[in-house]
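Peer 1: Once you've had a glance at the structure underneath, I'll fire off some questions.
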Amino acid sequence: MSVWQIVLILLGVLLNGLNSSMIAVALVPIGEYYHVSTWATAWLVSGLYLATSVAQPIMGRLADLLGAKRIFCAGLVVVAIAGLGANVAPQIGWLVAARVLLGIGTSAAYPAALAMVRRHSASNSKGGISSSTILGALTIAGQVCTALGPSLGGFLISLHGWQTIFLVNIPLAGFCLIGTIFSLPGDDRSTMSSSITIMKTLDIAGMVLFSAMIIMLLLVLMNLQFGISWLPLGIACASGALLVWRELHCASPFIDLRMLAANKGQAMTYLRYALTYLVFYSIFYGFSQWLEQGRGLDPVQAGLVMLPIAMVGALCAAMVTRMRRVWLMLIAGTSLMLISTSSMQLFYASIPVLALVAIAAIMGIPNGFNNLGNQNALYMQAPAEQMGAAAGLLRTSQYIGAILAASLITLSFTPRATDTGLHHLSLVLIVVSVVLLIITLSDKGLRSLVLGQSDKNKETTVNAIGLERGEKQHVTN
């Protein structure tokens, strides 16, 4: 692949992380524009991650069945449409729908990009830029994108309001689409499948049940201040039970429960990953809202204060790659997470901005340890023939953590972000960090996971995929 082709792939992939991170500083202005509370704006976060958690596995299969370039381009078209729709949304509900559409569109890029890179690596023996170099570029670009997202979002908002963070998708997606059509090689039509084959390989029922369970659970969690919503809770439980039955009897399940049951260590990795991202996204989105409503900063200032969180996380991740013991990575990461969540108790409206920046840098340190540690653990725990499905489940657990974080922020910041609400959020995150530390310390299987010095190819792959792409240290593919 040429440098220009790699740039096009990078741009398409980064649209997901960019939209995930820019929204962090736009939630308050959007709430003020539509005159809605944090309960409503939280769906802007949950909607995108719910759509991504369901759409990304689908897009991955469609890329294999219909052609990676075709799916890559289709996703870019959807992104442009979503960007336009968000700018004319008359109500918050329409804006949430645009974010859902944005999640679907941006979900296509990453699996399609990997499929194109894999095909290039298998068919090209003339040298050029290696696939590992391309994966490394995706990793680094994703980290930088997450770090700069809030600052870029704040800058765009200062130009022409919150609508600008959606409007920017149109020229970016259009530029990438035109370049992709004329520059990237076409798909191999001999490998494309019929629509009947496609429908047989997609677990539509499992996806519907998973979505219903998550949506109903969100309704329950976001309305806890008014009491337990028994009807949504009942639907969530019923959907969950049917989902378990369906996935255990499906030849190609959306969530492979049999694989999880057969590998307890792998299942624990998914649990750690979900809890890790519950804390990360609670800080990422909750901190930004408090900076604007509680501390009184504008979106540009809030974005700059948040910059150290992702930037320091990226730097730490680069240094952590030298560590060999996965258990030590995770112990260090969860211990530092406990310190960072405890530091949120120091936040008050009167705290100096420089102190906020310093604490934000501390809060970014655990991300590199935990992210790379869990990715390495999964790489060593999952059977080679199931690595694709295992990686898909890891991303699903990340999105579940993000969705739960949105619910937690809503409960803490109703009707607006205050010092008290932030301290309540901090207490919950401290408890989660303690639980995560106990789980990690008690998992004896982790102690045997040591990155081998002789397996250079495996180590390179781990380091390439271990850092968070596009979203992020997020706002996370």
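Yeah, the Cβs are placed from backbone N, Cα and C, and that goes for glycine too.
OK, TrEMBL features for this one:
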DOMAIN    5-445  domain 'Major facilitator superfamily (MFS) profile'
TRANSMEM  36-55  transmembrane segment
TRANSMEM  67-86  transmembrane segment
TRANSMEM  92-113  transmembrane segment
TRANSMEM  134-159  transmembrane segment
TRANSMEM  165-184  transmembrane segment
TRANSMEM  204-222  transmembrane segment
TRANSMEM  228-248  transmembrane segment
TRANSMEM  300-320  transmembrane segment
TRANSMEM  327-347  transmembrane segment
TRANSMEM  353-372  transmembrane segment
TRANSMEM  393-415  transmembrane segment
TRANSMEM  421-441  transmembrane segment
Peer 1: For the transmembrane segment (393-415) and the transmembrane segment (204-222), check the count of CB pairs under 8 Å (sequence separation 6 or more) and say whether it reaches 3 or more.
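Peer 2: Result for the transmembrane segment (393-415) with the transmembrane segment (204-222) is yes.
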Peer 1: Tally Cβ pairs under 8 Å between the transmembrane segment (204-222) and each listed stretch (36-55, 92-113, 421-441), then give the stretch with the top tally.
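Peer 2: By Cβ pairs under 8 Å, 36-55 leads among 36-55, 92-113, 421-441.
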Peer 1: Are there residues at least 6 beyond the ends of the transmembrane segment (353-372) whose Cβ is under 8 Å from a Cβ of it, and what are they?
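Peer 2: Same-chain residues near the transmembrane segment (353-372) but 6 or more away: 272, 276, 280, 283, 287, 291, 295, 297, 301, 305-321, 329-330, 332-334, 336-337, 339-340, 343-344, 346-347, 463, 466-468, 473.
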Peer 1: When you scan the chain for residues with a C-beta under 8 Å from the transmembrane segment (300-320), skipping those not six or more beyond its ends, what do you find?
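Peer 2: Contacts of the transmembrane segment (300-320) (Cβ under 8 Å, skipping residues fewer than 6 from its ends): 21, 24-25, 140, 143-144, 146-155, 157-158, 283-284, 287-288, 291-292, 329, 353, 356-357, 360-361, 363-369, 371-373, 466-467, 472-474.
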Peer 1: So, does the transmembrane segment (36-55) come close enough to the transmembrane segment (67-86) to give 3+ Cβ pairs below 8 Å, pairs being at least 6 apart in sequence?
Peer 2: no
Peer 1: Taking only the residues in the domain 'Major facilitator superfamily (MFS) profile' (5-445), give me the average pLDDT of this model.
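Peer 2: Residues in the domain 'Major facilitator superfamily (MFS) profile' (5-445) carry a mean pLDDT of 87 in this prediction.
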